[in-house]
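Please read the structure below before turning to the comments.
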């Protein structure tokens, strides 16, 4: 039976206004819209009155419910029937944890009530199209129609393909019907194999074969034999990549054989809890570094949010599934798309060339895709610290004559680093009889055929198959699985995981054969033991679906009880679905139909399928010299600062958590003005050291339209000039991931790909001492469609994205582009050696040209000398600022440095030649360094020692003030206010934020950028940062116990434990499941801290589901009430823990006036480094800190204080319960965005109880307790940041 329960309003006023504006623009006479959530409960038994009241209370969250009956025509948007939304999975979990076992499933829809004039059927279809994503959702016209969401169907049996009766044609038909993308020779192979077996194949076997042998999974082109211009080539592409490892194997521990590559890390204290006692401690051991970069291009073109989200999720799983289990740590992301064409902000180079119906626009991709990727990283608890964004779409005369080149099929790049124990780097041995396990969520009828689908050019497959290959994301589930993997690797030698792979393209049909085959075993499986939420799925759908957040593992039979215990504690679902066999055979039994859908020797599936041969021709580029008529420097500057590749990326940065883990030493945002221009991302290796890891990206794809090899060399060069900004040492410490995107089969591209791989793998990397131990290829970067009567194609340029990773010697020595105005000199190191080529530059692009000669690596020895010289100068502390030259050339490099330093520049380019345009806008490799004037001679001497004397040019100095002036021989070449340039540079991000978020907030942030008087972040402390008030208490040897409380989805517990540990506490890991099952109680604890993250993925209101699982469980409720009423206890709630505790008001004495915390005014997750002031309050944790003003990490989507009315706010203030407020950079309490990131009245962001024993706050002091993890800080701070005082105050209070 189904119950319907009304929910809160679903759209804020500005979202409704945006919808109305869209309808008006489409000439649809819609006058008014009201939208509210509607909940549907599928019940297996009736609820009594108390249970019904409990369910109603559970589903009461967010803004107050509307009291009126809605007016207008109902359009009910729900998830597509036959799918289960991530919201449903998490909300159902909460209902069960609150004791409501009668609830089979909760689901949620949005009821839109549309008031409109008379609309035709076609117009109503337009309205519904605007309101839902057809890939994920459906529209009903009656609330009762939602019954279809819970419809159950009978299982369907396996289908046989009549190969023996119909011959080869049966396979050809199945290939089309199932979208298998099989090549002719593969059809021959299958016909031969099954004829030898003497039986017909089942659909599931063909599907499994197609996924396992798709280009996506098998990399056929990279393993192919090559004939170019009639000449047999000596090596495959992959062999040339492997050549880098054969030449420079130094520091590589694992390459080419696992889900990620591993290199040597540093010996540090890894901080985690003991399995038996739950007590956190440091464990001194090597933290080796793993690295991986994936792409998820096809799904992102079809449905950007889930496409990008599952792209990030899949890459995170690759990291976790490395060796015998590892820990993902920090991420990077990248996008290449066609022109944005923002309405009202179209740029002169953006022509509309059309696109196929089934893919979304570049603007849609960049509105939704980054949000999806960020949301997954945020909820999983991984900071996203690095990225790139390129737009390109043009009709150009390239290798193949005049044609359309661009990114209708986008690049969505997801990568990152993690850490792994030395003894877990290599996979274990799978014993015969080992249990084969699926860890993670249930099978669902989604994401079918992703591997084969992404191996086709967009436009080749059927639209229904595109639907089928879109996945959905549940990062909170992946977090639970990762917690299990963490518990396993933390056991060291007792780790129950023998072998692990993630489930990706092809689902279990790819993952399980890969697992057993890699372990030298076969496997027998039971189909019906696979967890499934949809009983009507066919065997093919159960075995081959790509439900995300799953891993496959081999676990020794005798360790299964331990594994079971770990999973139950973390509430991570798992199923034993088979066991490993001696015989290399794969069998899948179906208990329901008592038959065998799969019964194959492994070598038929993964054996010697036909090897590909590429027989291709070379084409020469046809670029024309740049036509300069009509190009002025002033006009060029404004255009280039508007080009998204160059323009400010704040809209892509602040949506992503950049402080979680407490180990982020360098994020994108630089300096007191928080400008997104960092050269590279840097993390600390642990919470107790200054060793670290660095990541940087290089890519220069448009250059490939003129010179394939140069484009590839520049990508490597740019990654190197970016990562050089931190202290790494020997260049052999740097390892690269190479992600290759090409339109295979397009005239000239295959030969170009070979040329590019050869340039990097055989020549440049070996010469530099660089290794490429990991990478990925996507070989179908073309889109076809019909535009009227014309057949059109959009082909991407050959695109190599290089991600560089390295161990860092000392993270404190990372250099940023932030200029200083002390007596200084700016030096350009020009690795272009005066070539100043303008082909395929930003300048050429914004004037709709390609040019002829591009930049290149001009001298490999000098590139190596450059890296070594910068490393020497970093180690000697001779550099004040550093920024590489890239897109936009020298002018953009200097401008970004001036933005970061909030200063002026007096530059002189006389020494760069007479061609001013080329001097300012060429994109040859190089960098600008800032040094003290007194050090200039010594620095130039170091550069000369490294063979760079002829590359160094003095180009002026940074000065106070707002003028950005470039001269040559006394003549002004360009002069503008730095603030004006800063505003131009910000206009793209402003327009994107206006479109996507609350436009009022976007306007306020943009306005702030034009204020030259803004002093930036600054610090005023009322206490001595170096005084340790806990020292006398630590000296007694007594360590009070703090319960570090977490719920499923919480992700900030480790850094929180570390902060309390440093202050003299014994930090104990306490999961809510420990309390609910009675394994642990709170009676032994002196302090309790509820940590940040996304408990239950923030469904049913941030922190509210967590709170209700306490309030609705009598024993646990009493336990919390007793703790809060006990004198001599302390409690802290941070972020999600703050939201949770604010919902426990009825249990916490003196908290009656506490507010609720609701959706940010921006309607967006906000990750900021914000200034707060400590106010006079009873809070025991903030004693002695009153009046201090200091920055703190902020990361939340629901942090806005909501009070009942003005009287409630006045009472909260007059009782002195406000503990922290947001202030602007002038020190004034503020409600203005983004200084106040959530719009809370009076800047309120922390409150306390009347006794001061319980304090809750939205910002994260635990993420910045170490100075090194602050995005910016005054130079005189030592190891401890000022927020360490909170934790020491706690220790002091407990005596």
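Glycine residues also receive a Cβ, built from the backbone N, Cα and C atoms like all the rest.
With a cut-off of 8 Å between Cβ atoms, the residues of this chain six or more beyond the region 'Disordered' (305-327) that come close are 135-136, 254, 258-260, 262, 290, 292-296, 298-299, 333, 368-373, 375-377, 380, 382, 412, 414-421, 424-428, 447, 470-473, 475, 478, 481-482, 485-486, 488-489, 495, 497-504, 548-549, 551. What Swiss-Prot lists as region 'Disordered' is 305-327.
The ATP binding site annotation in Swiss-Prot covers 307, 308, 309, 310, 311, 312, 313, 314, 315, 316, 317, 318, 678, 886 and is backed by sequence analysis. Listed in sequence order, 259, 478, 502, 503, 504, 549, 551 are the same-chain residues six or more apart from residue 317 (ATP binding site) with CB atoms under 8 A from its CB.
In the shown protein chains, 26 other C-beta atoms lie within 10 A of the C-beta of residue 884 (Mg(2+) binding site). Secondary structure at residue 884 (Mg(2+) binding site), taken from DSSP and collapsed to helix, strand or coil, is strand. What Swiss-Prot records for 718, 722, 884 is Mg(2+) binding site.
The feature domain 'Glutamine amidotransferase type-1' is assigned by Swiss-Prot to 1042-1295, with sequence analysis given as support.
Classification of residue 1135 (active site, nucleophile) by DSSP places it in coil, neither helical nor stranded. Feature annotation from Swiss-Prot assigns active site, nucleophile to 1135.
The active site annotation in Swiss-Prot covers 1260 (among others) and is backed by sequence analysis. Residue 1260 (active site) has a Cβ environment of 25 other Cβ atoms inside 10 Å.
Taken from Swiss-Prot, the feature active site covers 1262 (among others). The secondary structure of residue 1262 (active site), as reduced to three states from DSSP, is helical.
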Helix, strand and coil counts within the region 'Disordered' (305-327) (DSSP):
16 helix, 1 strand, 6 coil
Checking the binding-site residues 307, 309, 313, 678, 722, which are within 10 Å of residue 1260 (active site) at the Cα level?
none
Indicate whether residue 678 (ATP binding site) is helix, strand or coil by DSSP.
coil
Tell me, if you would, which residue among 315, 718, 1262 (recorded positions) has the fewest other CB atoms within 10 Å in the structure shown?
718
Distance check, please: Cα of residue 307 (ATP binding site) against Cα of residue 718 (Mg(2+) binding site), rounded to an integer number of angstrom.
28
Which residues, sitting 6 or more apart from residue 311 (ATP binding site) on the same chain, put a CB under 8 Å from its CB?
294, 295, 296, 299, 300, 373, 412, 414
Cα-Cα separation of residue 718 (Mg(2+) binding site) and residue 678 (ATP binding site), in Å?
14
For residue 722 (Mg(2+) binding site), the number of other Cβ atoms found within 10 Å of its own Cβ:
27
Using a 10 Å radius around its CB, how many other CB atoms surround residue 313 (ATP binding site)?
30
Of these recorded positions, 309, 678, 1135, which scores lowest on Cβ atoms within 10 Å?
678
Mean pLDDT across the domain 'Glutamine amidotransferase type-1' (1042-1295), rounded to an integer, is what?
98
